[in-house]
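Engineer: This is the structure, below, for whatever I ask next.
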Ligand SMILES: C=CC1=C(C)c2cc3[nH]c(cc4nc(cc5[nH]c(cc1n2)c(C)c5CCC(=O)O)C(CCC(=O)O)=C4C)c(C)c3C=C
Ligand SMILES: [Fe+2]
Ligand SMILES: [Fe+2]
């Protein structure tokens with residue numbers, strides 16, 4: 001009899017999920033990543049034949065070279081920051097749950113696109129005897145293009161599974177008090193260590209305006225997060241702004257845009273800003289390159305004098321406390 005059969009099964013397991021990232025900072029690996037990511041109808045909803053032509057005829061011929069350069073500038077010895085930090089979060093949550101429950105609670109990491117895959121994480125959880133599964137997408141705000149895509153990808157991964165686990169999931173946590181407090185604590189610590197700038201920009205990844213019009217609650221949830229964070233920090237409405245970054249393609253995305261807002265502030269004489277990106281549970285290309293490098297250059301070029309990026313919650317203790325609380329709340333009765 002194998003060791004795993006003799007063990008008492010754990011009460012539940014946790015599947016942490018984030019977006020996915022290229023396996024190397026090369027045009028080839030970026031092309032493979034973008035081909036899978038951008039083929040998802042949850043991400044780009046255009047009619048398939050037309051989108052396939054645009055994706056394969058234009059985007060995948062041009063974009064990988066440019067984007068690979070950006071990845072090269074942020075790559076770490078442990079690989080892509082998104083993957084390295086997600087692994088740290090997985091280890092830290094395992095440790096926190098061991099403390100909270102006095103026993104090993106299996107925690108596995110999966111990405112919607114690329115590696116580690118849902119199938120590999122599912123196999124690892126099954127081998128540890130998990131029959132109750134909490135799915136925890138690391139997206140504080142729900143969007144069909146991210147959390148919705150996790151749901152589809154998980155369903156696909158389970159298509160050949162002969163015996164499904166009991167499943168629950170955390171749909172979003174955009175106004176959870178422990179999330180707001182974790183963000184506020186990171187801002188306060190940053191202010192203490194680096195001084196406080198004139199304004200705080202809360203920059204969220206964008207989505208096309210059309211998706212919001214169709215009922216995607218993401219932008220409204222981002223605005224709620226921003227309002228609650230401002231309240232926690234006792235900011236008046238002229239001391240902060242909620243904006244949206246990372247536009248892709250030609251259509252209108254939800255506004256105001258991060259880059260246009262920074263440009264306008266610089267022109268209006270705002271000389272210093274702090275920028276935080278509350279939609280990102282882990283630092284990644286969109287924060288470390290687009291916000292920390294590109295948008296800084298833009299702000300300084302238009303007359304700004306000081307610009308600081310406040311890192312994502314990553315593996316901060318307050319973040320782990322939040323994730324532990326989410327697990328405890330959503331697994332009651334298991
Ligand atoms: C094409 C449309 C896109 C939508 C809609 C979208 C939504 C969305 N994305 C994130 C989080 C991340 N996106 C990241 C990179 C990224 N996003 C898009 C496009 C859309 N995102 C692209 C094409 C890329 C790749 C880089 C590029 O080619 O510009 C990342 C970073 C991944 C990494 O490897 O570091 C994250 C994280 C959210 C939260 C969101 C909507 C809510
Ligand atoms: Fe994105
Ligand atoms: Fe970007």
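Residue 1 is the first one shown; counting continues down the chain.
Using the three backbone atoms N, Cα and C, a Cβ is placed for every residue, glycine included.
In TrEMBL, annotation is done automatically, which means it is predicted and not curated.
According to TrEMBL, the protein has these features:
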type	residues	note
BINDING	205, 286	Fe(2+) binding site
Engineer: With DSSP assignments reduced to helix, strand and coil, which class does residue 286 (Fe(2+) binding site) get?
Structural biologist: helix
Engineer: Taking the Cβ of residue 205 (Fe(2+) binding site) as reference, which residues of that chain separated by at least 6 in sequence fall under 8 Å from it?
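Structural biologist: 244, 245, 246, 277, 279, 280, 286 - these are the non-local Cβ neighbours of residue 205 (Fe(2+) binding site), listed in sequence order.
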Engineer: Counting across all protein chains present, how many other Cβ atoms fall within 10 Å of the Cβ of residue 286 (Fe(2+) binding site)?
Structural biologist: 20
Engineer: DSSP on residue 205 (Fe(2+) binding site), three-state: which is it?
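Structural biologist: Where residue 205 (Fe(2+) binding site) sits, the three-state DSSP reduction gives strand.
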